[in-house]
């Protein structure tokens, strides 16, 4: 069999390599008279045109296909096959020779070298003898002789092995050759598969270094022998064809170099590692030989070139279409073997470059003849899929082309729209970047492991023996099969690194085989899509397309590979996963997301590791599950959604009366008519997008009470303002109008105040809603100014668009401290605060200030990730209201009705109003919200739009006189409704309402139960429990929203409303959603998700993911469905009668 192998990757003829003087080759050739060889036999496997031309004309770049990145070592364009008979064998030059080079040189070179190395060697061991004098003859004789090569038979191989050892020992002059050498001899004379398996083993770039005979500085590593031998023993035959010669060659060269280069001890520092592990290689080779003997019916192993040809029966490649193979030859197979299967025995790291030597990077477009031939051959011979297999080779730094970034040796596509063909078994694209030093260059060339050498072998699990071949598996990776089966699929466990193809430690992981980096486009898109906290779930990197419109997800062998995955996979996906689907160019129509392909889609996404759910949340979920049952969603296709008739609304088991249906219709009409009169809303997401580059707050004011001249009453006025509104612009005029209203909110009870001597400071807040629906928060601190005797309080108020009560409470603390020293110290502090940036959620900003007597200070202000419970006190809410009354108020707010709270104390109104709004999380109240409404502004309650306001009890008589439209008036002091609409108990789905009520009734019992860890402390409070109970309500009703967010070709996301509503199994929930989806709260929620740029996840998104994983993915059997439908029809007919 004719094989070409250049382990050291020297100069490629005609490929742009560095030219050395022409005399170098002639000095390094040995041309002794050839011994008589057995008659040449034609190869069993047909050689491709490229292989044939490579045998005959190795000097012509246009017809040369280099296998496994091996190139002719001659630096001269002179034909190495024309040695002069008069040339005598000189001493070894050791400049650019490659010690692992196996060329298809004519038999003259081989016979000369054979005679020179081993006098009187047997004729049938010419291949082995030819490998010995390589230090003196640069063109290394291959195992074949003759222009087409000789395939030596396996007959009599073992009979000659002992003689080979004796001759080698005599030639070395030291000691008998090791069993590895005899094994090498056997395999070299045997069939290709027998000498193949040992070739790739010593090519690992590991710390055990074996010197090259060609250069004392070129070293090669051997520490990965055990893993490599394990890989090749488990792989099928086509993988091990051309792997066999490097091992004996290097072993003999090791002894040769040690003998010839004793004056250069630096090359022999770590050369003993290979001998220690030779038994592992022998055992693997013997296994392969044994299999060949036991199963002669399987025939000889296939060429590696045919390993990845398309199997029409099983293998389907879903990238660029399948290729077809003509019956004639394997020319593209040879090219595929040259650039794809190539790196099995290549170097994991490059040796240092010697002066005057260089090599062209194998597989570099434009430099490698094989890469030049490949496109034309592929077009002529479309049957073979040229696999972009990762190469374990090296290159000289001087000849590196920094502009060319090949993917595993494949030539670049003519256009970006046509990426190279991809295999059924994925492999990472190789991006090689220039490095400054030797270590960086070695890292960039190193590969992680050999797990993707054969597609079929990946389906078999590797042996799990931890100490096989005398070495232990690295405990970090777990079992080898788990890593290799799932390396390109769902990364589920907690990996120490964020990317499985980055930052592999040279010593502890795969011994210096760092995985190749992704191509720059894929890597950038990957980093854009995944935030740092989400990268523990790694998307398959090779599934990211370089062009958005290209089909990038491979469908071949999915059913086979997914069987090795972890069993728990999410059945449906959150909104952020839908964003990833759009990035991966998956079809995003509702039909594709709701049909049976949904489960397949879940496997294409990164499977989510099951997060630990707090026990308190589990208890709440169990209450809902007991009330609701198991069925949540219906499996729908677009056709069933579009053709769903009105009869479907009455076909569920939950039969409602006609009166309830009429009430539902009236509510729907009412909310639609009322919202038409409401101002347009602006969601928080949209506001923050506009304001995140602006200041932290808009203005800071100090409000004081001024006595009216005619009466003995006081009016609130702004006594200090920062910044001053100097420019008379439209925005400033609007700000002035707001400033006129702010004193009323700072002192809603101004008429009741009298000067006092003592007063404890009080903190409260309010919200201003503009005509355009924009929100501004007012954070107030009421306190007594410094002085003696009775005096009136004043209020420090900060107006901001940022809803963070805790952050501004810290600001007000600093203001109060400075105001106590001197009012002049407040201005420089507020000025430095206004210059501070707008903080992102979870980020901290630092404000540098100066205080006399204290010096320079730094105030840290942190914006919480989730501020839903800031300034919220559910204890006060449950003190004032019973559970049933609270649920009625909650239902009225969900349908955006008018709600008025009445209480005696300002703090009670403020606390209950903020707490009720917090129950709506993740939704936000989009309409007028005034926790404490000043008596002078009570006319607001007559507006026809939704609102939530709080009134002091002193304003109640006036409230009853006003023509207030339909509204729910609640007396917080007596826990009763002053006015109601009498349908508050029927607004929510009855099963969910029962679960909500039960969970709140048992709140003390649920909190008191033991927690499993300290991390549940946040939940094991009243605030945490109440929030989780209402979050679960929304998860049950709208938790599947992310399944119906689709993305258009332009990247715009849209929500499928009808499909979302009709996918719910429960009719009562569908009716609730029909009304709730008309609200501006729901519209703002969906708009936030459509506009959201980042993948930040709050508590609601986490609970939604857990909920979607819980959903059953089964549907009722056909008979049960038929019987149930028949029963529903009978009920419907009975109603009509």
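Heads up, residue numbers simply count up from 1 along the chain you see.
Placement of Cβ uses the backbone N, Cα and C atoms for every residue, glycine included.
The compositional bias 'Polar residues' annotation in Swiss-Prot covers 1-12 (among others).
What Swiss-Prot records for 32-43 (among others) is compositional bias 'Pro residues'.
Positions annotated as compositional bias 'Polar residues' by Swiss-Prot: 49-64 (among others).
The compositional bias 'Pro residues' annotation in Swiss-Prot covers 73-92 (among others).
Sequence annotations record features per position, and here Swiss-Prot assigns compositional bias 'Low complexity' to 324-348 (among others).
According to Swiss-Prot, the compositional bias 'Low complexity' annotation covers 368-380 (among others).
Feature annotation from Swiss-Prot assigns compositional bias 'Basic and acidic residues' to 392-402 (among others).
Annotation comment: Swiss-Prot describes 409-431 (among others) as compositional bias 'Pro residues'.
If you look up Swiss-Prot, you'll see 456-481 (among others) marked as compositional bias 'Polar residues'.
The annotation compositional bias 'Basic and acidic residues' is assigned in Swiss-Prot to 495-508 (among others).
Among the features that Swiss-Prot reports, compositional bias 'Polar residues' is placed at 514-524 (among others).
According to Swiss-Prot, the compositional bias 'Polar residues' annotation covers 539-558 (among others).
Taken from Swiss-Prot, the feature domain 'uDENN' covers 698-846, and the record attributes it to sequence analysis.
Averaged over the domain 'cDENN' (868-1001), the predicted model has a pLDDT of 90. Here Swiss-Prot flags 868-1001 as domain 'cDENN', drawing on sequence analysis.
Annotation comment: Swiss-Prot describes 1003-1096 as domain 'dDENN', evidence class sequence analysis. Secondary structure of the domain 'dDENN' (1003-1096), assigned with DSSP and counted as helix (H, G, I), strand (E, B) and coil, comes to 60 helix, 7 strand, 27 coil.
Annotation comment: Swiss-Prot describes 30 (among others) as phosphoserine.
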Surrounding CB atoms that lie within 10 Å of the CB of residue 622 (phosphoserine), all protein chains: 12
Tally of DSSP helical, extended and coil residues in the domain 'uDENN' (698-846): 49 helix, 47 strand, 53 coil
Number of helical, extended and coil residues in the domain 'cDENN' (868-1001), per DSSP: 64 helix, 22 strand, 48 coil
